[in-house]
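*Asks:* So Swiss-Prot lists these for the protein:
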{"type": "BINDING", "residues": "LYS9, PHE57, ARG85, THR91, ARG102, ASN112", "note": "ATP binding site"}
{"type": "ACT_SITE", "residues": "HIS115", "note": "active site, pros-phosphohistidine intermediate"}
Amino acid sequence: MERTFLMIKPDAVQRNLIGEIISRIEKKGLKLVGGKFMQVPMELAEKHYSEHEGKPFYDKLISFITSAPVFAMVVEGENAVAVSRKIIGSTNPSEAAPGTIRGDYGLNLGRNIIHGSDSTESAQREVKLWFTSSEIADYKEPREDWLYE
């Protein structure tokens with residue numbers, strides 16, 4: 001099974017959307033295998049968003065992601081990266097389809113509720129950056145027999 005990294009951002013945490021977001025992810029068949037509620041240290045934020053360093057929005061992004069707690073998680077399932085990206089919706093909430101997390105809850109590009117790895121390579125890098133192997137559970141849910149052929 002494929003794993004991916006998701007992070008419920010400060011705007012969603014402050015709006016009490018953690019449970020709703022996790023529920024949507026689980027209802028789609030993805031399994032939560034790691035999760036932690038945390039204040040993001042500056043160093044971790046800079047490593048996570050290193051690809052954006054030097055861009056006009058970088059400082060604001062780092063400031064935002066370290067401003068309040070986030071809920072970081074690892075989810076697992078068949079095509080987890082693609083499935084989670086579809087549930088999340090377009091990066092810009094004004095372009096996200098209704099029924100997606102960002103389409104329903106996102107306010108603008110800077111307050112877009114959730115981060116999701118954009119590729120299997122990014123997912124592997126981000127999972128390793130945010131979680132140790134001991135923080136990720138390896139288990140089987142009874143529903144898996146009903147979800148996958």
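Cβ coordinates come from backbone N, Cα and C, glycine included.
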*Asks:* Would you mind listing, in sequence order, the residues at least six apart from HIS115 (active site, pros-phosphohistidine intermediate) in the same chain with a Cβ closer than 8 Å to its Cβ?
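*Replies:* Counting only residues 6 or more apart in sequence, the Cβ neighbours of HIS115 (active site, pros-phosphohistidine intermediate) under 8 Å are PHE5, LEU6, MET7, LYS9.
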*Asks:* Would you count the other CB atoms within 10 A of the CB of ASN112 (ATP binding site), including those on all shown protein chains?
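*Replies:* Neighbour count, Cβ to Cβ under the 10 Å cut-off: 23.
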*Asks:* Going by a 10 angstroms cut-off between Cβ atoms, which of the binding-site residues LYS9, PHE57, ARG85, THR91, ARG102 has the sparsest surroundings?
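*Replies:* Taking LYS9, PHE57, ARG85, THR91, ARG102 as the binding-site residues, the minimal 10 Å Cβ count falls on PHE57.
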*Asks:* Report the largest Cα to Cα distance, in Å and rounded to a whole number, among the residues LYS9, PHE57, ARG85, THR91, ARG102, ASN112 that the record lists as binding ATP.
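*Replies:* Of all Cα pairs among the recorded ATP binders, the widest measures 22 Å.
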